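K.L.:
For reference, TrEMBL lists these features for the protein:
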ACT_SITE  C529  active site, proton donor
BINDING   L313, D314, V315, G316, G317, G318, L319, A320, V321, D322, Y323  substrate binding site
COILED    646-673  coiled coil
COMPBIAS  9-25  compositional bias 'Polar residues'
DOMAIN    108-372  domain 'Orn/DAP/Arg decarboxylase 2 N-terminal'
DOMAIN    397-479  domain 'Arginine decarboxylase helical bundle'
DOMAIN    620-673  domain 'Arginine decarboxylase C-terminal helical'
MOD_RES   K123  N6-(pyridoxal phosphate)lysine
REGION    1-25  region 'Disordered'
Amino acid sequence: MVKSKLEFEQNQQQSSSDKHATSSSWTIEDSENLYGIQGWGEPYFSINAAGHVTVSPQGNSRGFSLDLYELVESLKKRNLGLPLLIRFSDILGDRLERLHASMNRAIARYNYPGKYQGVFPIKCNQHRHLVEAIVQFGKPYQFGLEAGSKPELMIALAALEAGYHPTKDNFEPLLICNGYKDREYIETALLARKLGQKPIIVIEQIEELYLAIAVSRQLEIKPILGVRAKLLTKGSGRWGNSTGERAKFGLTIPQIVEVVEQLQAADLLDSLQLLHFHVGSQISSISVVKDAIREASQIYVQLVKMGANMQYLDVGGGLAVDYDGSKTNFHASKNYNMQNYANDIVAQIKDACAQGNVTVPTIVSESGRAIASHQSVLVFDVLGTSDVPTTPPSPVQEEEHLVLRNLWETYHFIDAQNYQETYHDAIQFKEEAISLFNLGYFTLAQRARAEELYWACCRKIVQIIPQQGYVPDDLEDLEKMMASIYYINLSIFQSVPDSWAIDQLFPIMPIHRLEEKPTARGILADLTCDSDGKIDQFIDLRDVKDILELHPLQFVDNQNNGDLSKQKSPAPYYLGMFLVGAYQEIMGNLHNLFGDTNVVHIQMTPKGYQIEYVVKGDTIKEVLGYVQYDPEDLIETMRRRTEVALQERKITLEEAQRLLQNYESSLNSYTYLVAN
Ligand SMILES: *Cc1c(COP(=O)(O)O)cnc(C)c1O
């Protein structure tokens, strides 16, 4: 599958496939280009001289950086096994700082006579340590929170400290209340005003208006209200359905007019202070942002003219993340940067207000993805690989079957002139061999021989193709077919659900051995027994890659006696998946009962870094509890079973003890595998 990206910027670095550095001349820069780390990773991720990925949580121009590989090794020594989700809270701080700097630059540039005041949409990542870090880092900016449901409202109410700069003309963090609301939701939000908080109840359904009017009369608390508009501007890509006349959320223009009329009748028109819209997440194209702001700004101006006490224009989320680093309007990318985004918003709102002769609003945004993605890195190990055979076949003898002799002949004579033709010969002979087997004329050993020779042909051809400058159509899939399967200690369903559900792309690369040429080509298969539990699409500057360049596993030779399983165990090989801090952690599921991974929070200190928090991943006992198994009952059942078997003399006491001990210790262990 090849998707072409529109508006590709020509000034990109060379695509990875254009490079053919030999192993001996392979450099760190080659790895940087191959994995595109500058495109998606700047300014937080880079590669050091040791060939390890480094993290600079405050951006690479200042602050410390740390070696991700060394960090993982030291966490392992603290009994924090892989897979491991590592959060860098300073990255959150840096994202917030960048967002505010961009907005403030735009405000200065266009002489905007108003201010910016953002909120974080909790649904993007609800974990307590993260929300608390955002509130903490957001204090200097009076940064608030957005709740999209009653549970999220409860988080927001507890997390936001009320009015910590009461002196600054009522400038305090906002609590934007979105989502479906019942009476309890509205009552709670209204009562929170008495705590000095600033909840703004956004009317998303017309019924909520009547409920809000009724509740506020009853409690005698004046609400601050907003309306969510259904814009006609269409989002694009995967998450583009949040707008349009048939969108799930928001009010149509006739409904907004109804809101104004009803509020007027209830003598509450001065409560209507905010206009909100949300085009969708990951808006890849700046033109969509522009169109939406243009439409919303005009609605805002009209609301002012109708007498509403408008103060805020909330532009929702959608600020995109460049997952593949291509700077295009491809769904995994974006063709604009944060500053372009800020400029367009500020300029358009200013123009519309000037034209309509109304006071400009405080600009609110609800960026989730752009704030939370970069701070989490998921590190996991490779348990083993399945490769197509790599040893050269032994020559076929005169007395062997004709089909095998033909395959050998084909293999022997493959060269740069005939590789395309011989590829088809090899396929044909292999198919003949399979037919012979199916008809009972070939032994299992003969079939094995035929397959071995066929793969040897493919390997030889795959080695010739890169020297030819172009890949003939019929050979395009060969590299993919020859790819190794890397078995990873992870559940895609738990840790990166969007990779499975909507084919979202995340940057993935080894976090060490980057001074070494990655000579293997692989796809990733996870621990679940589900054939969808795999990753076979990878970021690329031009298209999407079907394979990922990886290093062959190295084997430690433990010359230890009889234990076959330990004779050749693979040396640890760690992969990192980056930009996974938004949406992935909460939507994961317990497919095959693989639970939450271990999580650590790393914070930079003047001397380096410290482990701020550790949240241990689920144990087997915990995930079994989610599906209503009681560990005590399970152990008791197993104990009774062993007693019966003991009485019937089917098991020895020693075996029974060993079984029960394993059973009990498994219940308390991590759901993922521990490398031998
Ligand atoms: C999901 C959502 C957001 C966050 O969108 P991002 O694309 O992550 O910035 C903001 N506002 C609303 C109403 C949302 O539903």
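Yeah, the Cβs are placed from backbone N, Cα and C, and that goes for glycine too.
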K.L.:
Return the single residue from the recorded positions list (L313, V315, C529) that has the minimum number of other CB atoms within 10 Å.
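P.N.:
Selected from the recorded positions L313, V315, C529 on minimum Cβ neighbours within 10 Å: C529.
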K.L.:
Let me make sure I understand the structure: which of the binding-site residues listed (L319, V321) has the fewest other Cβ atoms within 10 A of its Cβ?
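P.N.:
Among the binding-site residues L319, V321, the lowest count of other Cβ atoms within 10 Å belongs to V321.
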K.L.:
Count the Cβ atoms, other than its own, that fall within 10 Å of the Cβ of Y323 (substrate binding site), considering every protein chain shown.
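P.N.:
Other Cβ atoms within 10 Å of Y323 (substrate binding site): 24.
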K.L.:
Using only C-alpha positions, which one of V315, G317, V321, Y323, C529 is spatially nearest K123 (N6-(pyridoxal phosphate)lysine)? These are the recorded positions in the record.
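P.N.:
Going through V315, G317, V321, Y323, C529 one by one, the closest to K123 (N6-(pyridoxal phosphate)lysine) is G317.
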K.L.:
Which recorded positions of G317, V321, C529 contact ligand 1 in the sense of C-beta under 6 Å?
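P.N.:
Listed by sequence, the hits are G317.
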K.L.:
Determine the mean pLDDT over the domain 'Arginine decarboxylase C-terminal helical' (620-673), rounding to the nearest whole number.
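P.N.:
Within the domain 'Arginine decarboxylase C-terminal helical' (620-673), the model's average pLDDT equals 96.
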K.L.:
For G317 (substrate binding site), what is the tally of other C-beta atoms lying within 10 angstroms of its C-beta?
P.N.:
27
K.L.:
According to DSSP, which of helix, strand or coil covers K123 (N6-(pyridoxal phosphate)lysine)?
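P.N.:
DSSP call for K123 (N6-(pyridoxal phosphate)lysine): helix.
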K.L.:
Do you know offhand how many angstrom separate V315 (substrate binding site) and C529 (active site, proton donor) by C-alpha?
P.N.:
43
K.L.:
Compute the C-alpha separation of V321 (substrate binding site) from C529 (active site, proton donor), stating it in Å without decimals.
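P.N.:
Just about 31 Å between their Cα atoms.
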K.L.:
Count the Cβ atoms, other than its own, that fall within 10 Å of the Cβ of K123 (N6-(pyridoxal phosphate)lysine), considering every protein chain shown.
P.N.:
21
K.L.:
For L313 (substrate binding site), name the DSSP secondary structure in the helix/strand/coil scheme.
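P.N.:
Note: L313 (substrate binding site) is in a strand by DSSP.
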